[in-house]
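The structure appears below as structure tokens.
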Amino acid sequence: MSGILGSIALLCLVGTTVAAALPMMRDPILSHRAAWKWKRSTYDADPDFYNERGKKCKNCPAGYYVKVDCEISETSGTCAPCTEGTDYTEYPSGLSFCLPCRRCKPDEEVVSRCTSTRNTVCRCQEGYYCPPEHPCEVCLICTARCPKGKHMVRPCNATADIQCDDRTENSSSLIVGVVVAVVIVVFLIILIYIIFWKKAAVPGRRHSGSESLLWLFQGCPNILTRICGSRRSERDDNEQNRTLETRERRPLLPETGVDLRQSFSIFLNNVPFKQWKTFLRELRVSDNEISVAEQNYHGDVREQQIQLLNSWLDRTGSKASVNTLLDALCKIDLRGVAEKIEDELVQTSQYKYDTED
């Protein structure tokens, strides 16, 4: 009797194990995530190679995946091509699989089809839009017309709704511009008349009309400068702003018990969406890691960003700090964002300024 019960228990255990393994076998995304997680944990600083059980193998080119890993360190293994129109790899990598091609949603149209080296590019159909800084689950319907009293400056396109502007403001600006132009022209006409009259009044001296006009136009820059006043160009203002921003940023020190991951949400809330990839590349996160995260967490942008920051932290180790993240923002001309994040970190008592010289 005990032997029969033991056999039944063994069969149940085997059945449970097989059932648990089936979802992983059926769902390629789950197996992709597992493979990516393992590859990420063995990521090497050299972008041309990946680590495989202590060996340094050369990446397969874009459009291929690693079918068989290398036998000898710093050599290539066996690379197999991705299937055109089915899956792809956009960058050289050590991935053991190709990424599945994106399928456009019902309210989207295909801009370019998936190839072995590039994912499908989709955009909203005519009459719909989706702002690139706010990924949409469904495309938004374009506004039909501008409100009363306003006119359309830009029609709706795949990435932005119609843009409307005030008629009265534009009309006023146009009137002011015309008035200023008329005043300048009248002033110049009066000036020309005075110059010719003075030249004609000098006894014993004659000037041709061309000489007088030449004298007038040579003095025009000074005249116009006096009329309009000296104004700094926008470029000069920008240069001054850059000079002011070159000052040293004070480093931050974490308060006792604070983990760097606790600050990630503040970076997610403040770094502009359009600048995220530039920010990650400044942290030496590879384009391939970004593509895999986008595929594994499709539609969940925040989770993509968290996973990529965790990947950077795991790879950088003890050298990683909040100052590294803030310095990266400054290097990509987001000093204002860095200062805002810095203030929030200090105000929430997660970090304090280093007071040492």
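In case you wondered, yes, glycine gets a Cβ from its N, Cα and C as well.
Annotations in TrEMBL come from automatic prediction, not curation.
For C164, the partner cysteine in a disulfide bond according to TrEMBL, taken from C142, C146, is C146. Per TrEMBL, the residue from C104, C139, C142 that shares a disulphide bond with C124 is C139. Checking C101, C104, C130 against TrEMBL, the residue bonded to C114 by a disulphide is C101.
For C122, the partner cysteine in a disulfide bond according to TrEMBL, taken from C98, C104, C142, is C104. The candidate set comprises the disulfide-bonded residues C104, C114, C139, C146, C164. Of these, C114 has the most other Cβ atoms within 10 Å. Straight-line distance linking the Cα atoms of C101 (disulfide bond) and C122 (disulfide bond), rounded to a whole number, equals 11 Å. Taking each Cβ in turn and tallying the other Cβ atoms within 10 Å, the top scorer among the disulfide-bonded residues C101, C122, C124 is C124.
Cα-Cα distance from C146 (disulfide bond) to C124 (disulfide bond): 21 Å (rounded to the nearest whole number). Taking the C-alpha positions, the distance from C104 (disulfide bond) to C164 (disulfide bond) comes to 30 Å.
Note on the domain 'TNFR-Cys' (123-164): DSSP counts are 0 helix, 13 strand, 29 coil.
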